[in-house]
Amino acid sequence: SLLLLVNSYGSSPEKDFIPHTALGILLLIISALVAFTGVRHSLSHSQLFSSLCLTVSALWCGLGLVYILIGQSVLPLSELKSSLIPGLAAFTLALFIIGTVALFMNNPVLLVIAVSISLACAHQIAGLSDSGFGQSATAANYLLVCLVCAYFGFGRLLSTITQGKVRPPGTVMKQIFEMKTEQNQSCSNVVSVGLVMNLLSASVIACPLLGVVPQLSVGHVPWLWTAGVFQLGMCVLFYRAMDTLAATFYGFTSLLKFAEGYSALLSLYSIQPFSPVPFPVVFAVLFSILALFSCQKSLLEGFYQLFFVAYCISIAAQPQGFFQAGTQGVQGAIFVATAGVLFVTTFNMVSSTRIPTGQSHFKTVVTRIRSITLSALDKERHTPHLGYSKYADAEVLGHACNVLAAFAITATVGDRNPLAVLVLPWAVMAGGVLQLLCGSVAFARGKTFESTAFILYGLMWTVWGLTRFGGLYGETRGFNVAVGIICFMLFNLLVTIAALFLNVAWFVYAFTFQLILISFLLDAIGALPYGYDIGVTIIFGLISFYCFLAHLFNSTFQSPQMPLGRPLVKLGGVRGGAGVCPHVPARKATSVQQIAEIMKNGGICGMPTDTVYVLVAACNRPDAVIKAYKVKKQAQDRPMSMWISSVKQLEPVRHLLSPLLLDFMEAAWPSSISMVIPRGPWLDIFGLGDAAIHIGTPQSIAIRSPDCAVATHLINLVGPIAVTSANPTGEADTTHHNQVYAKLGKKVEGVLCDGPSPENIASTVVDCTKIETGQIGFFRVGLIPKSKVLQIFEEVRNRHRQGYTNPGFEFDLPLQDMQRDQSSTDRTELERGTGNLTAYTVLPPQSRDVRNGS
């Protein structure tokens, strides 16, 4: 705002104070910083602040790009007015709506910022329309923004420095009115920004119809492609918010933005774009299906998406697409509808009082049909999360992109310039860029096969689209092109073989894409039979459409399900995703209870610890212990160990254990220290039965209390557990929850998921079999150093030499002796003047260091 303030005050109609190129570059840098702030706050409860940041970032991004084009003489200065007005008009309305919502929410800071920038845009439009209208009003609005932002920033800084003791009014980020209710949790924080981008593109396309600008031109490309890029970002954030429907919708609309921008860009080369008439109908069908399923979120959202169905039909009905009045008229209707939806959505996003949008009508209708069961519309719909990050499934959008790319390349170029035929945006953006995005999301979810297929196909569509429809192919036919296609065929052959282990649909999907690659190869060597390429491409498009519909349907309904087929080749321990054992998040208490119930019923599960993942079974279920031993294929020299949540679980057998050993346990645990202690009759009390032979050796047993809240809570629910590493004997340790199932297969009955292990180093194993002699040894030095263990043991041994008794043994003494000893201790302390009447119950500092270090 300060930058634009100075430029507005210092500029004159004859000369700009800041050169256009420099101003544009500075605006892009500031836009990136503001966008970063918006994305960061989209993960918190500051929804309105996040929406405002991202909206202003898009405004300055588009504005900066236009200034750069003017500064580099790509656009003449005379076109500055027609280039800026459509974008500024959209942001004037969008920011005014956000400011209105801030007014209802009683947020004066965001109100002033949004309305001031909105008025600045409006005054800038007036200044562009009439040179006699000075830019002083624009500068005055930016001055107000500067003052408010300076106050807000200073207030936040002061609050941080004083640790919240000083909070100037209006500078608290998380206001009560912005806290999400349970009802609003299905709404992503960035939904308003996606709508603003639709408002922006609608304004740009509709302005020529209203006579505001002469026609769509190169100066409008920055606005359209800014909207497309921001909607791609919103698509990723919606996947992060577990909202597949919204992510797919904004993925679709971003494609339209890039196609619109591409059409406007062609005017730079004096090329009249031509839209293949039948193709946009396919897009209309995809939009209509998505609109139907989006009604489960709200009828308003489904109805709004029908406007884009009409838009695609209008493109299909007119060969010149975005340049004709019919298409521009539909965008005018979208502009009006988007403004209304933007207000309703933004208000509902931040307010506890909601404007009705028809949220429950779809569910009400479906529940009346007895043969259909609706899946819950929550984040658990997309479990299990087998990857390093949590995202929703991107397969719906990935298959839809293949549908669009496949039907797009069926268009014939004929005698036209390849660039003039609107195939390149669909083939490169839909088949290429969006599929690469879907592959990345699938990889983050741990779906290695799906990510490999989407990334491979995305690369192929990009290369072929740029080569054939980007003017790079020309008349070239020969060995060079054929070699590249053969390489892709070899890669896809591996994908096709891997699809045998997944399901029939994926196998047919990969196989038909192989047929498309063959058509590319035959075309490269000049031996393509007539109609072969169109035939196999349409078949692949239809199969992709079925997969798109099946994944959308199956994610919406629990039953019935559209069949995708079973694996043609079955192999144990292969695949992650559908059909595996429960993979539940470790951070939820209900998840730990679910795993505990599985273990109580004799199941074996994977569990995170303070080191690596382990395989566990309840000690009071001997059948489960034996099962875990067999699954692990445990070597005789590597027996299973027993874990407890605390020394209190040894209470029934404390009279059979050494007081020095118990004190050592109290001081060292919880930590990554395993203690090997003598085996004895005390082990029978835990209900191991015949399975006891698999725990430890005939002479000793390893026991441990882990420094892991999840593990401790689970052991509290189940009781002592038998533990072994979650990998076949001889293999590397398991350091991520998705490796548990991959290594041990379907014999694992549940996995607590906590991402990557905090440590890749095993525990330290201490030999305590001769602890009564005052000596300990080490079988293995792991996470806890040997010196630290010896220091703890020396502390405990010194206390025993001085006559301290473990509090757990105090009630072994007669009551009179305990009272006499306590009275004597109290008198001694008083005589020393310490005034400390507390018996020894506090752990030594060294034990706390161990816990913090582990």
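Just so you know, glycine gets a Cβ as well, placed from its N, Cα and C.
Remember, TrEMBL labels are computer predictions, not curated facts.
Straight from TrEMBL, the features:
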COMPBIAS  818-832  compositional bias 'Basic and acidic residues'
DOMAIN    589-784  domain 'YrdC-like'
REGION    805-835  region 'Disordered'
TRANSMEM  17-36  transmembrane segment
TRANSMEM  82-104  transmembrane segment
TRANSMEM  109-127  transmembrane segment
TRANSMEM  139-158  transmembrane segment
TRANSMEM  189-211  transmembrane segment
TRANSMEM  249-271  transmembrane segment
TRANSMEM  277-295  transmembrane segment
TRANSMEM  302-323  transmembrane segment
TRANSMEM  419-442  transmembrane segment
TRANSMEM  479-502  transmembrane segment
TRANSMEM  507-528  transmembrane segment
TRANSMEM  534-553  transmembrane segment
Recorded stretches the transmembrane segment (277-295) and the transmembrane segment (534-553) touching, at least 3 CB pairs under 8 Å: yes
Selection from 139-158, 249-271, 302-323, the stretch that has most Cβ pairs under 8 A to the transmembrane segment (419-442): 249-271
Beyond the flanks of the transmembrane segment (82-104) by at least 6 residues, Cβ under 8 Å: 48, 51-52, 55-56, 58-59, 62-63, 66, 69-70, 75, 110-111, 113-115, 117-119, 121-122, 124-125, 128-129, 192, 196, 199-200, 202-204, 207, 212-214, 217, 219-220, 222-223, 335, 339, 342-343, 346-347, 350-351
Tertiary contacts of the transmembrane segment (507-528), as residues 6+ beyond its ends and Cβ separation under 8 Å: 406, 453, 457, 460, 464, 477-478, 481-482, 485-486, 488-489, 492-493, 495-496, 499-500, 536-537, 539-540, 543-544, 547, 565, 568
